[in-house]
Amino acid sequence: MVSSPYANLVSSVFFIVLFAHAEAYDPLDPTGNITIKWDVISWTADGYTATVTMTNYQMYRHIMSPGWTMGWVWAKKEVIWSMLGAEATEQGDCSKYKGNIPYCCEKKPTIVDLLPGAPYNQQVANCCKGGVVPSWGQDPSAAISSFQLTVGSSGTSSKTVKLPKNFTLNGPGPGYTCNQPVTVTPTRFLSSDGRRQTQALMTWNVVCAYSQFLASPSPTCCVSMSSFYNSTIVTCPTCACGCQNTENCITDSKIQSIVGANTTTNGPLLQCTQHMCPIRVHWHVKLNYVSYWRVKMSITNFNYGLNYTQWTLVVQHPNLNNVTQVFSFNYQPLMPYKSTNDTGMFYGLKFYNDLLMEDGPNGNVQSEMLLEKDMNTFTWDNGWAFPRKVYFNGDECVMPPPDSYPMPPNSANANPIASSTLSAFVLLILLVFW
């Protein structure tokens with residue numbers, strides 16, 4: 001059969017689309033997304049007043065400082081008369097208005113959250129956090145950001161109002177892709193005494209999904225390893241996040257001249273390393289007890305110009321179903337598939353180590369963890385003691401090649417079950433023939 005001249009083109013487009021969707025799918029957080037809900041709560045003379053609520057349903061991917069930026073394209077010639085809890089970055093051209101001047105006349109407004117400490121009369125509930133929004137797994141009660149706006153020249157009924165389109169969300173950088181708004185069942189609100197329900201006059205939702213590839217074409221973190229039973233330290237793979245050149249990093253000799261309390265620069269602020277990753281996660285198998293083993297986790301920041309607020313570390317390891325104690329970090333098991341408990345999220349203690357400082361003496365956080373041994377499966381062999389996957393701030397880190405993992409000196413010491421069986425056999429021979 002002779003193929004159509006367009007067959008190859010169609011096939012290529014299919015795989016590109018399939019790849020793009022696969023990149024946005026996270027197997028450890030399959031239902032994670034950011035949902036923007038737009039509730040029309042009252043009509044005005046030429047439009048309406050709405051409450052916009054952004055909820056971060058992602059289990060371990062948060063929005064860090066400098067916070068979220070939201071935008072859209074108006075369907076008609078709408079303007080914003082006023083805002084509470086957020087602000088538009090540009091007023092735009094309002095020259096056609098005489099007398100009352102709108103707050104924003106931009107066809108494509110760009111909205112940012114107000115900073116903490118904003119005047120009380122400019123606030124609404126769940127606003128004014130500088131755009132920083134924790135993940136749902138860290139704190140569901142705080143994984144919300146809201147603002148209110150009064151829209152004009154839009155129509156004054158559900159039949160005349162046209163939904164905005166082409167929503168964008170930066171959190172704080174690129175990475176999110178938003179669908180077109182969809183009209184949904186109006187939101188219901190419960191009065192403070194719990195006895196009366198009201199509802200929005202009109203509600204629509206916008207769902208935004210994250211793609212690591214869109215956020216950064218290169219990885220942003222890597223993993224190194226070591227153990228008590230092997231003197232070898234397995235470093236991050238060379239060029240894990242890009243290769244070093246004279247323009248993308250700063251050397252030790254230039255650090256003092258570039259980085260300072262009152263110094264600003266437009267140049268790179270990433271320390272020159274062989275891996276060129278802003279973040280390195282080190283996993284060290286520290287101690288071996290009779291019924292437990294102990295691991296130390298260290299996160300190091302190599303960026304001289306960036307603090308990581310409310311960071312998260314996600315680890316996939318088969319023994320996380322038997323976590324006994326975690327020191328210095330918060331820990332929460334993640335179970336995207338109820339039958340498997342091999343993934344956990346670690347994050348900092350509030351006001352203690354939830355801020356990972358920029359590169360320097362304080363640019364690292366550390367924790368240790370005790371895991372109970374399952375004697376039916378426990379072994380040091382074949383890299384079992386090391387993670388399968390590691391994510392920092394929701395982005396997957398580059399792992400060393402499996403054949404480079406620190407291996408035990410011999411299999412007898414590596415497998416406690418084999419070792420105990422051999423000892424029992426030797427003891428039996430001595431008792432029989434002594």
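Just so it is clear, glycine is given a Cβ too, placed from its N, Cα and C backbone atoms.
From a predicted model like this one, the values you see are computed outputs, not experimental measurements.
Look at TrEMBL and you will find 1-24 tagged as signal peptide. The feature domain 'COBRA C-terminal' is assigned by TrEMBL to 220-255, 263-406.
Within the model, the domain 'COBRA C-terminal' (220-255) carries an average pLDDT of 90. When the domain 'COBRA C-terminal' (220-255) is classified with DSSP, helix, strand and coil residues number 4 helix, 15 strand, 17 coil. DSSP labels the residues of the domain 'COBRA C-terminal' (263-406) in these numbers: 11 helix, 65 strand, 68 coil.
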